[in-house]
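Asker: So TrEMBL says this about it:
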type	residues	note
DOMAIN	108-168	domain 'Acetyl-coenzyme A synthetase N-terminal'
DOMAIN	175-570	domain 'AMP-dependent synthetase/ligase'
DOMAIN	625-681	domain 'AMP-binding enzyme C-terminal'
Amino acid sequence: MASQCYNTAVSCEARVHVTGFDHNNGRHLFRIFRSIGPRRLMMGCSYPVEGFWKHSYPISVNTATSLSHSTPINAVLLKEALESKESDLVFPSEDFSSQALVPSRQKYLEMYKKSIEDPAGFWSSIASQFYWKEKWGKQVFSENIDVSKGDVKIEWFKGGITNICYNCLDRNVEAGNGGKIAIYWEGNEPNIDGSLTYSELLQKVCQLANYLKDAGVKKGDAVVIYLPMLMELPIAMLACARIGAIHSVVFAGFSADSLVQRIMDCKPKVVITCNAVKRGPKVLHLKDIVDAAISQSAKNGISIDVCLTYENQSAMTRGDTKWHQGRDIWWQDVVPKYPMTCEVEWVDAEDPLFFLYTSGSTGKPKGVLHTTGGYMVYTATTFKHAFDYKPSDVYWCTADCGWITGHSYITYGPMLNGATVVVFEGVPTYPDAGRCWDIVDKYKVTLFYTAPTLIRSLMRVGDEYVTRYSRKSLRVLGSVGEPINPSAWRWFFNVVGDSRCPISDTWWQTETGGFMITPLPGGWPQKPGSATFPFFGVQPAIVDEKGAELQGECSGYLCLKHSWPGVFRTLYGDHERYETTYFKPFPGYYFSGDGCRRDKDGYYWLTGRVDDVINVSGHRIGTAEVESALISHSQCSEAAVVGVEHEVKGQGIYAFVTLADGVPYSEELRKSLILTVRKQVLPAENAASRRRL
């Protein structure tokens, strides 16, 4: 069926009727009948529902706070090019929206407006829902993010005394939810699993906390955690938080050199690890990596006296584990002997919670420091609203706690809401590419959060690995880590979610602590590939190279105006680098380092890191844009793009492409891929620029 659309906007009311399904394009077909104005017929959009959204959404950060109930809004009308990612609106169902925490655009605008006009009142109201030993003073927050006015300093809830472990565990147990499952653990092998209730998790956290205190760990001391995705990883994080220690989780896949850098920087009292882990069929000898790192650190003057080692029996036995008497201690030999209760160390809202090291352009990792109170409030709130969390939900994030996603959206954000979380030790394609959906069915997962890279890898092997499983429990999907290309978005929505699960395509960073731009699943229609609109309290700004803020439809550098509770406070031991990296490029703003485009409807599109740009004959082309174009080709499953020197153009584009299963390489296919990039990355009117590629 041919699709038609008229690019006409009139003030009117629209009603949507589903008329069928276009199996070739994977889209629901519908008509919008309008009560006044010219009669137009529109077909070809994705998954609308009758009467759901009667107005377009021209929101931008500059107009959101000025819109009122009486503001006339134009009716939804799509652009002519229905194949364009900007014209593909995906609506939540009426049933979903009616039960959502934020059920409409109007509700979002009301909450967003309050969060911008009265951030102190908005966030203090939310913070009051948590337990505070002592409330903060009259000043909810203070900030200076303008380097021209002095040192950058941000504080939220200063003077408030709390503990994030208490709010994650004790508060839920005391509320009568001690018997609720806190963690479902799925091992590398499908037949190995486990679970902990909130009461059991609290007991295990207290035992480890008591051991750490006996090992000499005090409030403000650092503990390095180098563990795979065992239940002991969130246990270790929460145990540190309980006694006021600062945890630094290192991804258990990093090299000994990477571990040395982090040990040298934060100087931990204890290192926690395990002897080995299996990822798929492969065994990784983690203890050997830790031994090498501790040895190298000692040569540089930093000694580690305690290495607490968990015996991961499914990967390696004790007898096969190298051992250093006097330093190494088996977790199972000592921790279970400690009491199952442990007093809480109450901390100020601005006391450090964790260091998390992220890559830096100089080669030296940056120790991002997050504090307790604001991070607690922000991660809990973003989790709740971005996933439309309900107490009956079972939530699974496929990330690792070695990354910020595992901190904010496996451990702290979900547990602050009393959620049931799935923790997965293995890899999503072992023993086959259906493992994710097997786990979804096994635990009746309702909220599923993963990365575009995994989505594309699962696309590559075919739909049959998905459709052999029910997945009927799924309610909301999520994407994290990079901008998701529209073709992967549609596959995720149509195949995995059966065209019924909204996708929270989140943009945020290690530094932000939580979601910054994200859909609220019931609030508005989505555009595949767009992170949509800012979260409460977040004021994005797109600026040009000179720092001038751009209005309306534009492209430029993504910055943020003003602070929010979850923002990091410094780079550990290097506040000057903190200011230079994030606040000096555009004084008065936090600079994200990302490029961004805002379309005419106010939707935000992330275009990748601004330093990942290729300058071809004077044209700045983002690598993420080229990669997205390549992946949109039906025979390409993954792509990575770099710039190469070119004697005429300055730089050329070199692409590494993984083809879909069963697709052979050919010169014709190579030309087809190049043509796809030319069509999508450069505008039609810039034909001269196209010829330069």
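Glycine is no exception: its Cβ is also placed from the backbone N, Cα and C atoms.
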Asker: So, by DSSP, how many helix, strand and coil residues make up the domain 'Acetyl-coenzyme A synthetase N-terminal' (108-168)?
Answerer: 27 helix, 11 strand, 23 coil
Asker: Kindly state the mean pLDDT of the domain 'AMP-dependent synthetase/ligase' (175-570) in the predicted structure.
Answerer: 96
Asker: In the domain 'AMP-binding enzyme C-terminal' (625-681), how many residues does DSSP assign to helix, to strand and to coil?
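Answerer: Reading the DSSP string over the domain 'AMP-binding enzyme C-terminal' (625-681) gives 22 helix, 21 strand, 14 coil.
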